[in-house]
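What TrEMBL records for this protein:
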- 238-431: domain 'Membrane transport protein MMPL' (DOMAIN)
- 277-299: transmembrane segment (TRANSMEM)
- 306-328: transmembrane segment (TRANSMEM)
- 334-352: transmembrane segment (TRANSMEM)
- 379-398: transmembrane segment (TRANSMEM)
- 410-431: transmembrane segment (TRANSMEM)
- 467-484: transmembrane segment (TRANSMEM)
- 608-874: domain 'Membrane transport protein MMPL' (DOMAIN)
- 728-748: transmembrane segment (TRANSMEM)
- 755-775: transmembrane segment (TRANSMEM)
- 781-803: transmembrane segment (TRANSMEM)
- 815-840: transmembrane segment (TRANSMEM)
- 846-868: transmembrane segment (TRANSMEM)
Amino acid sequence: MRGILSNRPPMSSHTAAIVTRVLTAWTLAVQRNAGAVVIAFAVLTGGAGWYAATHLQVDADPSSLLSPDLPWRKAEAAYSKAFPDSDKTIVAVIEAAPEQADDALQRLSATLAAQPEFAKVFSLGSGEFFERNALLYLDAEQLDGLSTALETAQPFLGRLTADPSLAGLFGLLQQAMTQPGASLPFELSTITDPISKTVNAADAGQNLPLSWQSLVMPVDLSGGKRFLMIKPSDKIEDRAAVLKVRSTIASLQLDAAHGVRVRLTGSIPMWLDEMDAAFDGAILSGLASLILVAGFLYAGLRSLNLVLSCLVALISGLILTAGFAVIGVGRLNLISIAFATLYIGIAIDYGVQFGMRYRELVAGGLSSHNALTETGGKFGEALVLCALATLVGFYAFIPTSYRGVAELGVIAGTGILIGLFTSLTLLPALIEKWPPKADSTKPTPLPQALTWLGNLPIRHPRGTRRTALVLALIGLATLPWVRFDYNPMHLKPPHTESLEVFEDLAKGPESPLSASLLAPSAEQAAQLSKKLNALPEVGRVLSLESFVPAQQDDKLMTLDSLNLSLGVSVPENLELKPVDPVRDIAAITALRDAARGYGGDASTKAAATHLADTLDTWLKKTAAAPIVEQTTRLSLLSDALLGAMPKLMRRLHNSLSATPVTLADLPADLRRQWVSADGQYRLDISPKENVNEDEALIRFADAVQTVAPQSTGAPVAYVAGARTVMGAFAQAFTGAFILITILLLVLLRSFKDTIRTLVPLVLGSLLLAAVSVVINLQLNFANVIALPLLLGIGVDIGIVILWRARNATADESNPVMTSTGAAVAISALTTLTSFASLMLSVHRGMFSMGLLLTVGLLLYLACTFLVLPSLLVKTPHKSVPEKQN
């Protein structure tokens, strides 16, 4: 081969001779027993498929992706042991008007607690204790505001509690609209709009209660959203537990039609959503990969028999790999579930290379039998070296602490060996039994543009090398800007209820992104709390002591004063008057007329007119109904408009009668949530900044760890986990590069050829870093596996091209422009298609893995095809013809 290094095997001559003899003997044995080989593989594949289908499990727990022996994982385990109720829960987040939210919480809690499928059902900040002492938990400013609002509302409340009926309510509103000097403790539209909605709902047979707490009080005594923690028992699976909770919510009519919104989040719903997305994405990408791979196979091999043989070998190897996953690992995790797509993309490479080399030899005049023998014997050595290099890329993660990727490395790496075995055994057996037609082995000429581009590095080797050097320097300069995404929530499938609720909560004071800490005693808990509160990154530290209200003396004086001013306006046991059809309908009619003639400002007048129209519709329907139904309609309306009033009065009365609270007064349920059975005290540490941003997340986690190295919780786990993964990546990538280099040196027995093979890998890696920075493609917990894997695949391409250069004929001036180069291009397209199909997944981790693999493979392919030939040229001054082969 003129101008190109040639006439040397890809391995050292001695090693190559041994490998070639072994592979040739193996191929001949397969050819002699082709039928038996096919039958044996059919039996093995069927057995492996059955075993995998009946025994393979998917572990959706993200915490299992990292080694439990890591220090921060041990801290997590200790915390879970101390407070087992915090682990594996379903959280129901209830949003409604205050009275409705309290009612929904109470009903849902009681219903679920009565079911044996749930071991524990509890709510933070609810119950008789918190109802009685709710006002003491307000800060001074909130309590002053509440006191002012209630004193302003006292005349209105006094008259309404004196006549708690529809006539009493509508009479007060009618007077406010018609009598000068009569006023309400709130804007008129503040009450007319809710009344209109409630009347319309009652008219439609629905119950949408009027919230009196929202009307007369500036704060929600229960603190906004209501949270119900639900821990399933061992008697029910996670998915069934979530379905059970949802069916209970539906049966209690806790829905938008009844003014209530209940959404589920927590570890269990989020795991299930992530597992579903990962599983669905794996199936979709696997099927898409298989279909597209088949298309590219036919385009490259031009033989239906060859395509079918390659696909049968591919599917057989995939099923055998799944069987190994059960035996060797026992499960799939959220990362290793992608093994099928990775296997298809890589293992098909061996089939394509084998098939196209076989085609070339048949087209050159060899019989099908002899071409098969030579392909399996001589070309097989290149496939063995490729498989070993890819195997190193996968196995490099096994010794790391990143357990999820280590398991993927075991499964996919062993799958590569299985794929090599099927390509050198089942594939030649299938071709021997069903050889392609003679006319299907003719090579397909390359387009003129590709021929020109492929010969460019041969015509201009120095220019190609210089360009590669400049690009490498650019890539090197971008390395400091390569980023790792610390937040694993960014990988979860978007638009799922569990994630949307989590992200909503993360923006507010109820953020689940807090750190947790165990202290051996109350004294040490107090000391740690003081130190943590002093940190600028910490917004709040909660402990059991936090539930003893601050400034109680001042607050109790305010409550005493408020109690005196409100007096009988807040009775403990308020009873609504029975409906009086004549009196109530007269009051409704009078309010309708007053609202219709109200002459306030434009917005208030519009609200009054809307109320008048609503009442008029209700009155007409009521007037047309029988007497009994009229009473029923009035009762429904009374319950909707006034039903929440007695509860509010009772709660206010009890709250105004609060007494001093000490640690000893805290309820037992609350103590169990903050003090473990063995006497450890729990601290909950909230960040001051929004830790959805990586910089704030790192600052908060590091600050907490400086004071309390044994702390745990989501922010600490995110940062520690990310650093564990980055360390695993650095270890795996460095290890893979070193092992691949050693492998090449041992097998090639040439330092120069080893460097020639590695240069495109280094350039491709640097360019991948540059492209990642430009398109803002961050590394994360899922896609980090791509880098050592790309290293293994990239060296495959270089090895095959180098093999062709060393075995070139006299008229071949460029190994890229041969059937081997075409085979590499076709196999790269099939691999690329398989990787790109991962981007069909809604799981953002799998999507990012597919994107990084796709971009990386394109860059590695371009670097090998354009740079490696320029490194093989002996005399760069000579030009080569535009056309060849």
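Each Cβ is built from the backbone N, Cα and C atoms, and glycine gets one as well.
What TrEMBL says about a protein is an automatic prediction, not a curated fact.
Within the same chain, residues 23, 26-27, 30-31, 33-35, 37-38, 41, 305-306, 308-310, 312-314, 316-318, 320-321, 324-325, 328-329, 332, 336, 339, 342-343, 346-347, 350-351, 354-355, 358, 368, 372, 375-376, 380, 383-384, 387, 390-391, 393-395, 398 sit at least 6 positions outside the transmembrane segment (410-431) and bring their C-beta atoms closer than 8 Å to a C-beta of that stretch. Only pairs six or more apart in sequence are counted, and the transmembrane segment (728-748) with the transmembrane segment (755-775) gives three or more Cβ pairs under 8 Å, enough to call it a contact. Here the transmembrane segment (334-352) sits apart from the transmembrane segment (755-775); fewer than 3 CB pairs are under 8 Å, leaving out pairs fewer than 6 apart in sequence. Between the transmembrane segment (277-299) and the transmembrane segment (755-775), the number of CB pairs under 8 angstroms, six or more residues apart, is fewer than three, so the stretches are not in contact. Same-chain neighbours of the transmembrane segment (306-328): 41, 44-45, 47-49, 51-52, 55-56, 290, 293-294, 297-298, 336, 339-340, 343-344, 347-348, 351-352, 355, 358-359, 410-412, 414-415, 418-419, 421-423, 426-427, 430-431, 434, 436, 440, counting only residues six or more beyond its ends whose CB sits under 8 Å from a CB of the stretch. Packing against the transmembrane segment (846-868) from elsewhere in the chain are residues 278, 281-282, 285, 338, 341, 345, 454, 456-457, 464-465, 468, 491, 756-757, 759-761, 763-764, 767-768, 771-772, 775, 777-780, 782-783, 785-787, 789-790, 793-794, 797-798, 801-802, 816, 821, 824-825, 828, 831-832, 835-840: each is 6 or more residues past its ends and has a CB under 8 Å from a CB in it. Comparing 379-398, 467-484, 755-775 for CB pairs under 8 angstroms to the transmembrane segment (781-803), the maximum falls on 379-398. The average per-residue pLDDT of the prediction over the domain 'Membrane transport protein MMPL' (608-874) is 86, rounded to a whole number.
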